[in-house]
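Undergrad: The structure that follows is given in the form of C-alpha cells.
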Amino acid sequence: MAEPEPRKFGLLRCCKFHWRGKACIIIPIITLPILIMGFEYDMAEYKCLYLIATMALLWITETLPIYITALLPIVYCPVFGLVSADIVCRLYFSDTIVMFLGGLIVALSIEYCNLHTRIALRVIRIIGGSPRRLFVGLVSVSVFMGLWISNSAGTAMMCPIVKGVVNELEANNIYPVYMTQEEEPVEEGEPPHPSKVTIALYVGVAYAATIGGLGTLIGTGTNLVFKGIYEQRFPTSTEEITFANFMVYSIPIMVVCNITLVMIAMLTTHMGLFRPNSKTGMLIKEANTNRKLLEDVLRQRHMDLGPMSCHEIQVSIFFALMIIILFTRRPGFFPGWSLFLNAV
C-alpha cells in the first residue's frame, strides 16, 4: 500500500481561505500607533479614535461579522477607562434601540406569515385594476408599511408583490411589461429592459417606503437616532419627542404631501397622465380596456390565499396593539399609560 504524500503548505491557499482570521490580527496592529499616542499623551480622544478606526476597518472588510464588531465597545471602553461597563451596556439596550428592534421583529413576522401580500392584494382590489390605480394601490400599501417597519424591510417585502403583479400583467397582455428591441436595444442573451410603467411600479414602491419611514419614530433608524441625540443633548428640555407628537408633525407634511407629489410626478412622467395622446398614454388607455381581466386575476390570487391563518390573525392583532401602545404611551394631549405606570 502506497504511503500518502505529505501535505504541502501553500501560502496562497492559506491566504485565500483564512484571510479573515489573519486580518483580525493585522487590522488592530495597523491602527495600533493611534492607541500608543493615546497612552503617551494620556488623551482619551486618541484611545477612542483607535476604537473607531479599528471598527470601521473591520466593518468595511467584514473580517468579523458586523454584529460581533458592534459589540467591541463593551470590552474596549471599560478596559481602557473611557466609559464604565454599566453605562456602555445600558446604551446597548436604550429605548431607541428597543423600539427599532421591535419594528424589525414585527416586519419579520409580517413577512413570515405573508400578511403583507394579503394586505396589498386587498387594497389593490378596492382601488381598482387599471395600471394607474394599480400604481396608487401599491404605493399606498408601501407607505403604510413604511410607517411601522424599517423602510428597507418594507421595500424588500413589496418588491416580490410588484414582481408577481407584473408577471400577471405580462401573462394576460394587459400592457407591454418590457421594452422592445427597437425602443431599448440590448445585447443578445441579455434580458429586456422594463417599460416605463414597470419602472414606475418598482420605483414608486421604493419611494413610498422611504417617505412612509419619515412619518413615525420607528419608520427608519434616523428618526430614532434623532430622538436619542435630542434627549442626550437637552435632558432638561420641557419639549419631549413622543411617538404621537412626532406623527402629528411629520405625517401631514412629510408623508401626505411628499407621497402626493411623488404620485403626480410618476404618473405624469411614466404613465402618461395629462398626456393622453402620447405613446405611454395610448398604452395606458388600451390597458384600461382590459381592466376587468386584471381585476379578475387579482381577485383569484387573493382568493387563492384562502382564509386568514391563525398566524396571520395573531400577527394582525399584535400589529394593531403595537400601533395603539406606541401612540398612547405619552401622546401629550391626554395622559398616556406610561404616566400611569410611573405613578404606581
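All positions are counted from 1 along the displayed chain.
Cβ from N, Cα, C; glycine included.
TrEMBL entries are annotated by machine, without manual review.
So TrEMBL says this about it:
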DOMAIN    57-326  domain 'Citrate transporter-like'
TRANSMEM  20-41  transmembrane segment
TRANSMEM  48-76  transmembrane segment
TRANSMEM  96-113  transmembrane segment
TRANSMEM  134-150  transmembrane segment
TRANSMEM  199-226  transmembrane segment
TRANSMEM  246-267  transmembrane segment
TRANSMEM  313-329  transmembrane segment
Undergrad: Six or more residues beyond either end and a Cβ under 8 Å away: which residues meet both conditions relative to the transmembrane segment (134-150)?
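TA: Same-chain contacts beyond the ends: 100, 103-104, 106-107, 110, 116, 119-120, 123-124, 126-128, 157-158, 161-162, 165, 197, 200-201, 204-213, 215-216, 218-221, 255, 259, 262-263, 266-267, 271, 294, 319, 322-323.
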Undergrad: Mean pLDDT across the domain 'Citrate transporter-like' (57-326), rounded to an integer, is what?
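TA: Value for the domain 'Citrate transporter-like' (57-326), mean pLDDT as a whole number: 84.
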Undergrad: The transmembrane segment (313-329): which same-chain residues, six or more beyond its ends, come within Cβ distance under 8 Å?
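TA: Result: 99, 102, 106, 109-110, 113, 115, 148, 216-218, 242-244, 247, 336-338.
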Undergrad: Report, as numbers and ranges, which residues of the same chain sit near the transmembrane segment (96-113): CB under 8 Å and 6 or more residues beyond its ends.
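TA: Result: 145, 148-150, 153-154, 156-157, 217-219, 221, 224-225, 227-228, 309, 311-312, 315, 318-319, 322, 326.
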